[in-house]
Amino acid sequence: MWTTNLYKRPKISPLQLAAILPLAFVHTMGNLFTNMSLGRVAVSFTHTIKAMEPFFSVFLSALFLGEMPTIWVILSLMPIVGGVALASLTEASFNWAGFWSAMASNLTFQSRNVLSKKVMVKKEESLDNINLFSIITIMSFFLLAPVTLFVEGIKITPTYLQSAGLNLKQIYLRSLLAGLCFHAYQQVSYMILARVSPVTHSVGNCVKRVVVIVTSVLFFRTPVSPINALGTGVALGGVFLYSRVMALEMGVHNIRVNSISPGIFKSEITESLMRKKWINKVATKIIPLRTFGTSDPAITSVVRYLIHDSSEYVTGNIFIVDAGATLPGVPIFSSL
């Protein structure tokens, strides 16, 4: 990024590096704990435990940033966390190692977010979100590389992988794609963190876990139980409550708060999925409008409206853009 001049190289002082090092450490540990949990228990169980993120964020924000949440904010978080947990419980497989690893990832990731916010607001240490996350990523690499070499050793060499009967091209390609996708996700996450509070960021991250469940349903054709659907609906209701609470609290500062709840849309990411005949059958059977939308203009038009002066009197609303998928009462195709 810096080498190709896609982004301006930052000027970093030793003081800034010292401030960022703890962020890199908790970032590294957060990813490590998450993968440890995923290796021990079902994906749904890991995401059930990680749905506790908002509570960690509330506590750490109060501790390090002095941001004391109101009782209404705390109460509005409960249905979000509860709904995500409910949506995941039907597949959950309990394991203490997986449980504590997921809990540790909550603590480390939310510590990273809160401390990052602290670095972002200090003028003498201020870095934009892209450069800050890039430096954190580089530091994390150097922190984890020696551990990886010590633990894995020759297991990561091409000779060893080939002797194990593995397809080198497939492994390298998938690893590269996974790395790029994960880095893009984390980078966007930091871009959002620069614009919202750690608690609001954790709420969005929490709701993302329902998207994980919905994606697994679509991609792996996993059966959906009524409890899964109910949990998704409860989480959606929690987002609605949180939007209204934040609208009440931010109104005195002349700040409007609204949410957009999209369904499944045609995009480059879902293009291959949309070609499957069964997914179109799902649309004709479940979605009232009998089709999947496109992000432009369905989503972009709502965004343009909300940022335009014509919406200056609109706050505390959740705009559901899903072709009516949530109307039948089984909102499994609302990605919140």
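Quick reminder: no glycine exception, Cβ is built from N, Cα and C everywhere.
Unlike curated records, TrEMBL annotations are generated automatically.
In TrEMBL, the annotation transmembrane segment applies to 12-34, one of the ranges 12-34, 173-195.
For the transmembrane segment (55-81), the list of distant contacts is 106-107, 110-111, 113-115, 117-118, 197-199, 201-203, 206-207, 234-235, 237-239, 241-242, 244-246, 248-249: same-chain residues at least six beyond its ends, Cβ to Cβ under 8 Å.
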